[in-house]
């Protein structure tokens, strides 16, 4: 339908519609293709209100760390300034794979995080955020995508700074997003619903649509607030889209959002729902998720989900009533493509990247080896149980369970780099857990 709309427009036709067999999603595809000419680009709420599936992007900090542009540990996004071509290219890969949202690469870009533990970058959050907004907008304009400005949890909250202090940090970041006129705002990666509520309250001041995703599982936030209660608090604070991101695998995250949805509906409230999980299997995680796994962050590859796992995740999320479906750490473009391909019937089209990918391995029909050609079928990949290829490795890990959260001395913000003595104390402590 996108091709039809463009061809008709080029031919000088200005009354473009359909007849027998046309469904609303076909007409939506026409409208999306010709949105630049019509001057009408639907926002995030308009799309969700119309029942559209919005596909998010993937995990920039992990993807760019693997490519050599982000430092593990601080996980800060200075690459938006230092290596813009790398960030731009990753946006393009997700766009081609089917993403509708280009989220600014502004994770952990608050000034208190940029200077935490000796992370002296000589860059301000404002400089990083401005560059990130420009890159996201440039790529979004190449397709049918929206730009989302994102803020995340702060070291100041964990260090028990006041509500006013934490809100001031969010407000400073949001000033850039308003200046750059992002399409909507996301408060993501919050372990404590209290801090997320503070972020939402500041975001509502802007008049932009607000989405909020907590990095929690079915057990709730780090203070034991249930997913349902978390969602209710966020909706009451003004969030129009609520959900979870990071920390847990897709099916765990979908289950958590189901609980949020139940809580919101039981409270007589309304919201849209989003999920952007890890691309790693995490059946052995506790309340704090994958950061407690011994493999975090450099040994997680054996846990990576296949593209076929992503098909199952996309269908499960859709059946749960979630319409903003994306990914976080570990997600690469091919994972997003799998989501877009699974939900192509609902969306009405395939992503551009599917030009190089046959449905359910169909491209293998062209392989030179007959036993590989025999794998060109859905039932093969849908029922495959991949081997790890790692002799003597356990299938599960024992997570670290230090039990520390907001206010604990180990989490206090400090501008000075972690000293050798402090590290030795942590090494000793880790032996007892």
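Each Cβ is built from the backbone N, Cα and C atoms, and glycine gets one as well.
The annotation domain 'Hcy-binding' is assigned in TrEMBL to 1-34 (among others). Sequence-remote contacts of a segment are chain residues at least 6 beyond its ends whose Cβ falls under 8 Å from one of its Cβ atoms, and for the domain 'Hcy-binding' (1-34) they are 40, 42, 50, 52, 144, 346-349.
If you look up TrEMBL, you'll see 42-343 (among others) marked as domain 'Hcy-binding'.
What TrEMBL records for 246, 328, 329 is Zn(2+) binding site.
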Set of same-chain residues at least 6 away whose C-beta sits under 8 angstroms from residue 329 (Zn(2+) binding site):
59, 61, 62, 246, 278, 279, 280, 290
Limited to the domain 'Hcy-binding' (42-343), I'd like the whole-number average of pLDDT.
96
Starting from the Cβ centroid of 246, 328, 329, the recorded Zn(2+) site, name every other residue in that chain with its Cβ within 8 Å, sequence order please.
59, 62, 189, 215, 245, 247, 276, 277, 278, 327, 330, 331
Taking 10 A as the limit, how many CB atoms besides its own sit near the CB of residue 328 (Zn(2+) binding site)?
30
What's the number of neighbouring CB atoms sitting within 10 A of the CB on residue 246 (Zn(2+) binding site)?
28
